[in-house]
């Protein structure tokens, strides 16, 4: 799982709260992490593979939203691989891990493994948080017709730039002046905790606001198509709302235990002696949430694919298919524009106005289809039954 305690444990003079959770049944905890991450990894890949009998989704054009959803899944897959690798080394080489706690050691490999694996996990999941924030921003901009595929470059710069900057900054302050002699106390650790949880809290607090504004814009967009809000448009808006709700539900389920656990450990750190009897219940709650984190954090990848695409099935189709070039739209547009030229000016003006109206209609269709992309066949029938998809 992803926790700033993984990096804190690399310090030989780690705090008592970190020592408490990291030394609590490490074999059981690593086994839980390996099992949860492996199941999530396999199911996530299964979800993303093409399926037999499944027609490829036809989009008006490649959307940045669909690219972002795929990148979120990739970050979860790579983060899960980091968990499996770290936990496997932890279980298979206990003597190697024991050298991390040695103060005056000459072997740098245990420390390098501890810091490197922890940074890998934090960086990938932090990047996933930033991509999820970009998805909320992009959904709103798409509806406002202010985003396109070109903005994905800006999202890449923001996501990876902020993820790397915050990760490196937090690690540098945590291990000052050196890894073998980290400073004691909370002062040097607090910036590391802030840089770790800042993107998580950003998604938790800001994404619901952006999703709510997007839904309001979708309702206005659907009403503007015909001037009325029919049952089909209402149901389409409800489907998009449910999709946003499932995304936030998965995020809260997978990461609320981290916030609770960190709050409990932070409280224990401020106590003069965490082993006092009155703190027994708090210690127990911290250990329980620690195990829960090992289960829920890696499962985010698979649960997100369910929220994005629904269950895609077991029948994997690994056959390579050629991409067919569709000439229908080109030929129809050529016929419409060149075969019957208008002989008088007012007909030409009328043709231009219809063309502009058709362009606006296509932009509306694209905006809604980007938000509803990845729904199941039932959702597809719903969207295509709406007048917005009937070639108005």
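Backbone N, Cα and C atoms are what each Cβ position is placed from, and that goes for glycine too.
Here TrEMBL flags 28-49 (among others) as transmembrane segment.
TrEMBL lists 69-89 (among others) with the feature transmembrane segment.
Sequence annotations record features per position, and here TrEMBL assigns transmembrane segment to 109-133 (among others). Distant neighbours of the transmembrane segment (109-133): 1-2, 4, 6-7, 9-10, 68, 71-72, 75-76, 78-79, 82-83, 85-86, 89, 96-97, 99-100, 155, 158-160, 162-164, 166-167, 171, 175, 179-180, 196, 199-200, 202-203, 206-207, 247, 251, 297, 300; these residues of the same chain sit at least 6 beyond its ends, with a Cβ under 8 Å from one of its Cβ atoms.
The transmembrane segment annotation in TrEMBL covers 153-176 (among others).
Per TrEMBL, transmembrane segment is recorded for 196-215 (among others).
According to TrEMBL, the transmembrane segment annotation covers 244-267 (among others). Long-range contacts of the transmembrane segment (244-267) within the same chain, counting only residues at least 6 positions beyond its ends with a Cβ under 8 Å from a Cβ of the stretch, are 1-5, 17-18, 20-21, 132, 139, 186, 193, 197, 200, 203-204, 207-208, 211, 214-215, 282, 285-286, 289-290, 292-293, 296-297, 299-300, 303-304, 306-308.
According to TrEMBL, the transmembrane segment annotation covers 287-311 (among others).
The region 'Disordered' annotation in TrEMBL covers 371-392.
Below 8 A, the CB atoms of the transmembrane segment (287-311) and the transmembrane segment (69-89) form 3+ pairs separated by six or more positions in the chain.
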